[in-house]
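TrEMBL lists 2-363 with the feature domain 'FMN hydroxy acid dehydrogenase'. Per TrEMBL, glyoxylate binding site is recorded for TYR28, TYR133, ARG168, ARG261. Sequence annotations record features per position, and here TrEMBL assigns FMN binding site to 81-83, SER110, GLN131, THR159, LYS234, SER256, HIS258, 289-293, 312-313. The active site, proton acceptor annotation in TrEMBL covers HIS258.
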Amino acid sequence: MPSTMEITNVTEFEAIAKEKLPKMIYEYYASGAEDQWSLKENRNAFSRILFRPRILIDVSEIDLTTTVLGFKISMPIMVAPTAMQKMAHPEGEYATARASAAAGTIMTLSSWATSSVEEVASTGPGIRFFQLYVYKDRNIVIQLVRRAERAGFKAIALTVDTPLLGRREADIKNRFTLPSHLTLKNFEGLNLGKLDKTSDSGLAAYVAGQVDRSLNWKDVKWLQTITSLPILVKGVLTAEDTRIAIQSGAAGIIVSNHGARQLDYVPATIMALEEVVKAAQGKVPVFLDGGVRRGTDVFKALALGASGVFIGRPVVFSLAADGEAGIRKALQMLRDEFELTMALSGCRSLKEITRDHVMTEWDRPRVAPRL
C-alpha cells in the first residue's frame, strides 16, 4: 500500500482509504448497485475512447480556466456531492470545502452532509452548489433551499434518479447506518438527522420513509418558484429527458448514473454523454460525473461535448487518506494530468478541444484521402 507521499495517481487513494476505514464505511463509499456492472463500466468505457492528437502546435501556454453558470473556475474539474463525509475523516465537508476553494473550483455539498450549509459557508470564500433531495414534506425543502441561498450557495443540483435508493448489497450485508456520533446536519433541527439501524440498509429505509418518490417534472417548475438559483438536473441519461429538462427550465444538465449506485445496467455516463449533448443543442451546458479518475478522462468528456466534470469517490477516498491535503493532492494531480493531455493533444485552451481529438467505437471509419 503506498503512503500518501508516494501516490502518483488518484486511484491509489482508494487502497489507503480501504486500509484506514471500517469495512461498513469503506464499502458504503465504494460499492455500486446489484451486480455492479455499471460501476465497472463507468471506468471501462473511458478506455474504449482513443485520442487523435495534433502535433507541432505551440503549447508553451495552456489555459485551463472556464466558466460554469457565469462563475469563473480554474479548471473544468469540480467536486460532486457525496454524502456523510465525516465518516471518511473527522473534518469531513470542511476539508472538502477548503480544498475545493484552494484549487479554485466548485464544491457541491450533499443534502446528506455531516456538516450544515452554514458550517460549510463558514470555511471562507468559494463557489459552492447545493445538491437537493426532495423530501415528502415540502416545507423541509423550502427551508433547506432558503438556507443554502442565505449561506451563499450559487446553484441547486437536483438529484432526479433516486425516487428510491438503489439496491447496494454491501450496505444490506453490513446493515449500514450513520455512526452514532454523526448526524445529517442539514436535517438536525427537523428530527431527520439520524438513520435507524435496520435489518438491511439504514439509508434505504430512510429514503423510503422521507424522500418523495412522486417527484416529477412539475416539481422542477415548482422549485423555480421558491428559488432564483439556477437548477442543474442531475441524473439524466437520455435525449428525451434532456429535452424535457430544458423545457422545464433547467439551467444545466449533469449526465450521471449516481456513481452506478442506483439502476444497474445503465450505460456508463461517458457513453450516454454524446446523446445528451446533441439533444441539448447548446441551449444549456452539459456536465458529467461517474468514473473520472484521470486527466485523460476529463479531456475525453470535454471532447464529447461536456462543459466540465464532477468527481465523487476520488474526493472521499483522498479525504479518508489524508484529509484536506489529500483532496488538494487529488485535485492537483487531475489538473496536472489534464494539462499534460491537452499539451500532448495540441490544445491550448478548452475551446480548442474538439470532437476530432477523440475516436470512439461508434465513429465512422475515417477513410484516408488518396494521395
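Yeah, the Cβs are placed from backbone N, Cα and C, and that goes for glycine too.
Given the structure is predicted, the values throughout are model-derived calculations rather than measurements.
Feature map: TrEMBL annotations on the structure.
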residue	record	contacts (Cβ under 8 Å, 6+ apart)
TYR28	glyoxylate binding site	MET84, MET87, ARG168, ALA170, ASP171, ASN174, PHE176, LEU203
PRO81	FMN binding site	THR108, LEU109, SER110, SER111, PHE129, GLN131, ALA157, THR159, GLY312
ALA83	FMN binding site	SER110, SER111, TRP112, ALA113
TYR133	glyoxylate binding site	SER111, TRP112, THR159, THR162, VAL211
LYS234	FMN binding site	GLN131, ALA157, LEU158, THR159, VAL160, ASP161, ILE254, SER256, ASP289
ARG261	glyoxylate binding site	SER31, GLY32, ALA33, LEU39, GLY166, ARG168
GLY290	FMN binding site	ASN42, VAL255, SER256, ASN257, GLY259, ALA260, ALA268, THR269, ILE270, GLY312
VAL292	FMN binding site	PHE46, ILE77, VAL298, ALA301, VAL309, PHE310, ILE311, PRO314, LEU334
- Query: How big is the glyoxylate site in terms of the longest C-alpha to C-alpha distance among TYR28, TYR133, ARG168, ARG261, in angstrom?
  - Reply: 19
- A correct count of other C-beta atoms within 10 Å of the C-beta of GLY312 (FMN binding site) gives 23
- Item | Neighbourhood of HIS258 (FMN binding site) by C-beta distance under 8 A, where only residues 6 or more apart in the same chain count | THR159, ASP161, THR162, GLY166, GLY235
